[in-house]
Amino acid sequence: MKYLYSTCTTITTLSILALASFMAASAGNLNQDFDITWGDGRAKILNNGDLLTLSLDKASGSGFQSRNEYLYGKIDMQLKLVAGNSAGTVTAYYLSSKGSNWDEIDFEFLGNLSGDPYILHTNVFSQGKGNREQQFYLWFDPTADFHTYSILWNPQRIVFSVDGTPIREFKNSESIGVPFPKNQPMRIYSSLWNADDWATRGGLVKTDWTQAPFTASYRNFNANACTLSSGTSSCDSNSASSSSNAWLSEELDSTNQGRLKWVQSNYMIYNYCTDAKRFPQGFPPECNIA
């Protein structure tokens, strides 16, 4: 298959240990926001902090993480994915906390043979439980240019977006017993690594190392977010009233609900909420929410 192309609620309390004034980390120098954590020189911050690249060869991949921890936020990053024959490679970009009962919000980009589409894999973990996969094709070639991949995480919902178009919404369903990420601060992580045992056609297509090094690029990071330092949050319960902090109570308007339905009707290729073979005893409770 070739690439497809085609034309609030008010928050009264936040479950945060300590509350202070809001701080927004704006688009700026990647040197200030991220640390390269592994790869032995394969990850680089270039152009005075405007560009970050990860590379993968047969010896190793590479990765980075944010200096800040976040507890709710609206986070954007522009990525340009590995071009050409990217089969077997995975570019992961996600938020995650620590520990055995961790929370996590995932974008993973599964490489493919030249001309075949990337698969965008999404997942949400809460208290160590995931198994909430949704997968999509994209309506453009994500290797030809940079595109913006965004996560909105507030007390009511998590929304995954691509170039401003929502592709997935995971609502807070604690009222029916579904855990929701709400009290574990998360860092941003990204890595480029070899996963040819499963990434492309279930592991049937292996990484072609003659094409190495493989490179993914990042720029224009922006975070309007609650940051944590020594257990103290930069947000307070009054921050939702500020127009600059509107993301804390943001929800999908009718236009974006229509865009979400368009993506899910035309580009979703897997949804755990419709996989009856996987859940013979019945679907997870959040799947029954409209």
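Note: Cβ is positioned from N, Cα and C throughout, glycine not excepted.
Predicted automatically and left uncurated, TrEMBL annotations should be read as such.
Here the structure is a predicted model, which means the values were calculated and not measured.
Feature list (source: TrEMBL):
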type     : residues : note
ACT_SITE : Glu104   : active site, nucleophile
ACT_SITE : Glu108   : active site, proton donor
DOMAIN   : 24-218   : domain 'GH16'
CARBOHYD : Asn112   : N-linked glycosylation site
SIGNAL   : 1-27     : signal peptide
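Overlay of TrEMBL annotations on the structure.
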| residue | record | contacts (Cβ under 8 Å, 6+ apart) |
| --- | --- | --- |
| Glu104 | active site, nucleophile | Tyr94, Leu95, Ser96, Ser97, Asn123, Val124, Phe125, Gly130, Pro181, Met186 |
| Glu108 | active site, proton donor | Val90, Thr91, Ala92, Tyr93, Tyr94, Leu120, His121, Thr122, Asn123 |
| Asn112 | N-linked glycosylation site | Ser86, Ala87, Tyr118, Ile119, Thr200, Val205 |
